[in-house]
Amino acid sequence: MGKQNSKLAPEVMEDLVKSTEFNEHELKQWYKGFLKDCPSGRLNLEEFQQLYVKFFPYGDASKFAQHAFRTFDKNGDGTIDFREFICALSITSRGSFEQKLNWAFNMYDLDGDGKITRVEMLEIIEAIYKMVGTVIMMKMNEDGLTPEQRVDKIFSKMDKNKDDQITLDEFKEAAKSDPSIVLLLQCDIQK
């Protein structure tokens, strides 16, 4: 597949203006940058991981990037096209609290079965710890929790029916009633 068109088709632009929180000018700028970094118009996992390494140079971002990639790659084809990229970016940067919770839930729900298990949550929490690096994690992690202890703390607050899995409803309800849970999920417990 060669070089992509340098402009979005009018119908695509119209759809993205409706589907995202970006205006036409912003979308044009993002598209230009996307094509500069990805001339093929698609971003594969390796390229995506390289982007994360730039943002998190003190840790190992590869595992977290895999999970973020899976969440961005809505159609599951192993690449992220501009639409998938800009829609995910819109949610994570400008979306409503509800949209961000749905996105986060999808990231933590590794197998896509609509429930987050302790194993799934531990996988993401460990990836976050690795990504931010030891020095930064020590500053963020004032309570000294290990990834396993953090998962236990999150489950004690979210898993209302104590069935060792968190549904989307439990996830949203707990996050809305206790904002500190959102900070735990991000592994950012600074007051």
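Glycine residues also receive a Cβ, built from the backbone N, Cα and C atoms like all the rest.
Swiss-Prot lists D73, N75, D77, T79, E84 with the feature Ca(2+) 1 binding site, giving sequence analysis as the kind of evidence. Counting Cβ atoms from all protein chains shown, D73 (Ca(2+) 1 binding site) has 20 others lying within 10 Å of its own Cβ.
DSSP assigns E120 (Ca(2+) 2 binding site) to a helix in the three-state reduction. Around E120 (Ca(2+) 2 binding site), a 10 Å sphere centred on its CB holds 20 further CB atoms from the protein chains shown. Among the features that Swiss-Prot reports, Ca(2+) 2 binding site is placed at D109, D111, D113, K115, E120.
Within the same chain, the residues at least 6 positions away from N161 (Ca(2+) 3 binding site) whose Cβ sits under 8 Å from its Cβ are E170, listed in sequence order. As annotated by Swiss-Prot, Ca(2+) 3 binding site applies to D159, N161, D163, Q165, E170.
Residues or ranges marked as domain 'EF-hand 1' in Swiss-Prot (evidence: sequence analysis): 40-58.
Across the domain 'EF-hand 2' (60-95), the DSSP tally of helix, strand and coil residues reads 24 helix, 3 strand, 9 coil. According to Swiss-Prot, the domain 'EF-hand 2' annotation covers 60-95.
Summarising the annotation, Swiss-Prot assigns domain 'EF-hand 3' to 96-131 and lists sequence analysis as the type of evidence. Away from its own ends, the domain 'EF-hand 3' (96-131) comes close to residues 52, 56, 59-61, 63-68, 70-71, 88, 137, 147-148, 150-151, 154-155, 164-168, 171-172, 175-176, 185-187 of its chain (Cβ-Cβ under 8 Å, at least six residues beyond either end).
What Swiss-Prot records for 146-181 is domain 'EF-hand 4', and it gives sequence analysis as the kind of evidence. DSSP states for the domain 'EF-hand 4' (146-181), grouped as helix (H, G, I), strand (E, B) and coil, give 25 helix, 3 strand, 8 coil.
Here Swiss-Prot flags G2 as N-myristoyl glycine.
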Lowest local Cβ density among N75, T79, which the record lists as binding-site residues, within 10 Å: N75
Tally of DSSP helical, extended and coil residues in the domain 'EF-hand 3' (96-131): 26 helix, 3 strand, 7 coil
Of D73, D77, T79, E84, Q165, i.e. the binding-site residues, those within 10 Å of K115 (Ca(2+) 2 binding site) when Cα atoms are compared: Q165
Largest tally of Cβ atoms lying within 10 Å of a Cβ, found at which of the binding-site residues D77, D109, D111, D113, D163: D109
Q165 (Ca(2+) 3 binding site) and D109 (Ca(2+) 2 binding site), distance between Cα atoms, whole Å: 10
Top Cα neighbour of E120 (Ca(2+) 2 binding site) in the set of binding-site residues D73, N75, E84, D163, Q165: Q165
